[in-house]
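Down below is the structure, laid out as structure tokens.
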Amino acid sequence: MAREIAGSADPADDSGLTSGRDPAGDEQEVSVAPQWKLVWWSFKRHRMALVGGIITIFIYLVALFAGFLAPYSNDSFDSEYAYAPPQRLHVVDDGEWGLHVHGYRAEQDPETLELSWEIDESQKIPVGLFVRGEEYELFGLITWDRHLIGPKDYDGPPMYLLGADELGHDMLSRIIHGTAVSMSIGLVGVILSFLLGVVLGGISGYFGGWVDNLIQRITEFVISIPTIPLWMGLMAAIPSHWGPLQRYFALTVILSLISWAGLGREVRGKFYAVRDEEFVMAATVDGASQPRIIFRHMLPSFTSHIIANMSLAIPAMILAETALSFIGIGLQEPTVSWGVLLEEAQSIRVLESAPWMMLPGVAVIVAVLSLNFFGDGLRDAADPYKS
Amino acid sequence: MLGYMTRRVLIMVPTLFVISIISFAIIQLPPGDYLTTMVAEMEAQGNEIDEAQLDALRERYGLGESFFTQYYRWITNVVFHLDFGHSFDWNRPVSGLVGDRLALTVGLSIATILFIWIVAFPIGVYSAMRQHSVGDYAFTMVGFIGLAVPNFMIALVLMWIGLRYFGQSPGGIVSPEYADAAWNLGKVLDVLGHLWVPIVVWGTAGTAGLIRILRNNLLDELRKPYVVAARARGVPETRLTVKYPLRVALNPFFSTIGWILASLIGADAIVSRVLNLDTTGPLLLRALMAQDMYLAGSLILISAVLVVLGTLLSDLLLGWLDPRVRFRYGR
């Protein structure tokens with residue numbers, strides 16, 4: 001019960017009023033607990049949010065250690081294995097422990113020349129953990145050649161746990177490598193739109209008057225235009241000779257140019273709500289300067305709220321990037337993101353013969369779902385006005 | 001009401017003006033214009049281009065002139081003659097190209113909004129009235145998933161299921177055997193059999209969003225003192241809910257028309273490409289790629305105007321339904 005009260009108490013309310021409650025049990029702990037602890041306690045009560053948070057952290061770890069986790073590098077392929085189906089990973093080998101997969105047998109249709117794959121039970125490809133493979137750079141610094149999982153014989157037949165694409169790229173490896181790009185687009189884009197949103201929303205909410213009016217009109221305008229046609233127009237304007245990195249940043253800038261508006265509104269609303277509170281007046285009477293009032297008194301009272309809103313904006317960014325890359329005007333090869341991978345799954349013929357090409361979509365859904373749950377729980381925990 | 005309406009319509013004018021400038025600016029952004037693309041293409045094929053002919057074309061489309069002259073000519077033609085210019089890529093007037101496709105886009109959008117309402121209303125009310133019940137949790141879960149799945153993924157999966165288990169693709173708007181047939185009962189049924197796919201694909205995210213908004217609004221309303229007071233007086237529970245809280249909570253049904261329309265028109269390009277529909281989206285994509293500036297600009301302008309009109313419509317409906325909204329504007 002005490003924790004419930006703590007969860008609903010205004011995190012900004014650190015003026016000592018909370019100590020007025022009856023001091024029984026961990027009530028005392030509640031009254032002295034810092035704000036982040038209160039937020040954490042009420043966050044913990046959301047089972048789904050907790051699960052979402054753990055999965056989110058896991059996905060970001062995958063993005064960080066992509067080189068180590070993926071059996072192959074981004075651009076290694078074997079075109080002999082075009083559209084090879086997923087192999088099952090066997091753990092037991094003749095009653096003994098022994099990771100292995102079975103090899104493939106290819107049959108070519110004499111008329112259509114189409115390859116059809118079958119798993120060859122007689123062929124065994126031993127698979128090991130922490131095997132030696134292609135060299136990669138961890139965090140762009142440490143050169144290493146160990147991979148979490150992969151065929152023991154690096155030069156032998158390849159392993160395709162989630163199947164292969166048209167050129168014989170390993171889908172599992174590509175999905176893992178795509179994680180870094182897809183998830184970081186969300187983060188970078190949100191940080192950019194956060195800067196825009198907080199500055200403009202803050203000015204609007206703090207000063208009010210005609211400044212507020214002007215910024216509000218701009219915000220409403222940005223919200224009212226249909227995003228995807230606008231994004232399409234802006235992306236099509238990017239020169240085709242730009243490199244992958246330039247394209248990546250152009251995309252994040254374009255995405256955040258439009259999505260700051262929602263956050264800006266949120267921040268303005270908060271500034272408005274807090275502006276007339278007693279603690280702000282007290283600070284003004286004390287003779288604190290305006291920047292000090294804004295940054296030391298007002299902002300901290302709703303930082304948690306802003307962070308929660310940011311975490312809810314990340315999945316929207318990820319979905320936007322996926323959609324744009326899917327229709328071919330977002331990121332492009334050789335950059336690999338989930339949307340870029342899904343672009344190959346567009347044609348009906350591919351879907352018919354290689355449905356595993358849709359697997360990057362599963363990654364998108366899991367990531368967006370867990371980020372949504374996480375953000376939702378965070379917002380409920382950070383919102384002082386809800387019970 | 002009249003004052004509110006005029007005010008609301010007047011606000012729209014500057015918005016539309018800025019939108020038209022932005023649409024035109026976007027299509028001017030890529031370096032070069034359609035003629036440079038065309039010249040490069042023809043030179044690649046080994047064809048000589050007549051310099052005089054090129055000048056004539058440039059003159060005709062006003063390509064050499066300044067941004068504002070070009071914009072002015074384009075927008076006055078649009079406003080006064082409904083002439084959106086000429087599509088270089090298709091060599092046809094833009095208005096003729098867009099007409100049919102626009103009708104399909106608008107028709108599908110309206111059908112989708114109706115679908116969203118029909119599905120979201122009972123579920124939203126149920127979830128709020130039976131908060132924390134198994135059904136509520138199930139619908140909340142489904143709603144979260146609906147928001148998380150990109151709509152082209154739903155389209156892809158539906159296509160795959162159609163191919164795998166029914167041996168035909170659910171894409172397109174008519175089956176091939178009816179494509180050239182005259183309208184008869186068989187064709188109407190066939191079209192209806194195809195139409196539900198884009199509607200479901202388009203409507204999923206909107207439905208999920210509206211359910212959550214309706215549920216939260218109704219819950220907020222149900223906790224208000226006037227509801228408690230009415231209950232204390234012995235008003236039956238059903239009457240109590242339907243009479244006031246539900247009416248207030250219904251606001252989002254109208255206030256969200258604007259953004260649902262925006263997201264529908266936005267998603268059009270992506271969904272229609274997968275489902276192979278002849279709507280405006282794929283046309284815009286192609287026009288942008290080919291630097292077909294009048295077509296692309298007109299399409300961006302038209303979709304933005306549609307969204308602004310949708311927002312206007314929803315605001316007017318809201319003002320008609322809710323006196324508080326009218327009052328806020330009246331001050």
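Cβ coordinates are placed from backbone N, Cα and C, and glycine is handled just like the others.
What TrEMBL annotates here:
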{"type": "DOMAIN", "residues": "B:102-318", "note": "domain 'ABC transmembrane type-1'"}
{"type": "TRANSMEM", "residues": "B:9-29", "note": "transmembrane segment"}
{"type": "TRANSMEM", "residues": "B:102-125", "note": "transmembrane segment"}
{"type": "TRANSMEM", "residues": "B:137-161", "note": "transmembrane segment"}
{"type": "TRANSMEM", "residues": "B:195-214", "note": "transmembrane segment"}
{"type": "TRANSMEM", "residues": "B:253-275", "note": "transmembrane segment"}
{"type": "TRANSMEM", "residues": "B:295-321", "note": "transmembrane segment"}
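The transmembrane segment (B:195-214) is not in contact with the transmembrane segment (B:295-321), judged by fewer than 3 CB-CB distances under 8 Å for residue pairs 6 or more apart in sequence. Between the transmembrane segment (B:102-125) and the listed ranges B:9-29, B:137-161, B:253-275, B:295-321, the one holding the most Cβ pairs under 8 Å is B:253-275. Same-chain residues lying 6 or more positions outside the transmembrane segment (B:253-275) and placing a CB less than 8 Å from one of its CB atoms are 105, 108-109, 112-113, 116-117, 121, 151-152, 155-156, 159, 170-172, 197-198, 201-202, 205-206, 209-210, 213-214, 281-282, 284-285, 303, 306-307, 310-311, 313-315, 317-318, 321.
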